[in-house]
Amino acid sequence: MKVVEVKHPLVRHKIGLMREGDISTKRFRELAAEVGSLLTYEATADFETETVTIEGWNGPVEVDQIKGKKVTVVPILRAGLGMMDGVLEHIPSARISVVGIYRDEETLEPVPYFEKLASDMNERIALVVDPMLATGGSMIATVDLLKKRGCTSIKALVLVAAPEGIKALEAAHPDIELYTAAIDKCLNEKGYILPGLGDAGDKIFGTK
């Protein structure tokens, strides 16, 4: 599995701001979208382009346009919604495919409860967004679902990843790509990433 830890200074700075314990909901939400935007820029760097001729202001002009499969952004509910706008900033025409999965706090296992995917998943590149890759369970379950629906090109975008989650995701889906703003130290006994960001969903939505 291709794993990319994006070490751009802007990404490192913004993730550092998100680690502040007393950060406001507004600020955390803004930063989640901003880092999501920067990760999208990195994850789409290998998209193929083709040269086409258009009618410019002073006659025909050759320009580059992205070719190949179209994109669907796949936020994992609910926290993934906080990164979605960052993707759409660059790819406003992307279809939105939603997957609802929550983690059982006792077993730490993923529990799926909702899905609404683009009808042509086999013809699209899926950019799956979820702030935290902890145990990897939710991401693995989401990729399982996307593959069952015919999607063969999948990139996962997360703010923070734990080594345990990366290992589990690679074992289950070695053919996908992972882009993360930070690879943290480990998981604690409750399955939270250390040092991590805390509960990203609560911080994005202002709940506890």
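The backbone N, Cα and C atoms fix where each Cβ goes, and this holds for glycine too.
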Per Swiss-Prot, which of ARG78, ARG95, ARG149 sits in the 5-phospho-alpha-D-ribose 1-diphosphate site along with ARG103, ASP130, PRO131, MET132, LEU133, ALA134, THR135, GLY136, GLY137, SER138, ASP199?
ARG78
Could you check the binding-site residues ILE193, ALA200 and say which one's CB has the most other CB atoms within 10 Å?
ILE193
Look at the binding-site residues GLY136, GLY198 and tell me which residue has the greatest number of other C-beta atoms within 10 angstroms of its C-beta.
GLY136
In terms of DSSP three-state secondary structure, what is the assignment for ASP130 (5-phospho-alpha-D-ribose 1-diphosphate binding site)?
coil
Just how spread out is the 5-phospho-alpha-D-ribose 1-diphosphate site if you go by the largest Cα to Cα distance in Å among ARG78, ARG103, ASP130, PRO131, MET132, LEU133, ALA134, THR135, GLY136, GLY137, SER138, ASP199?
17
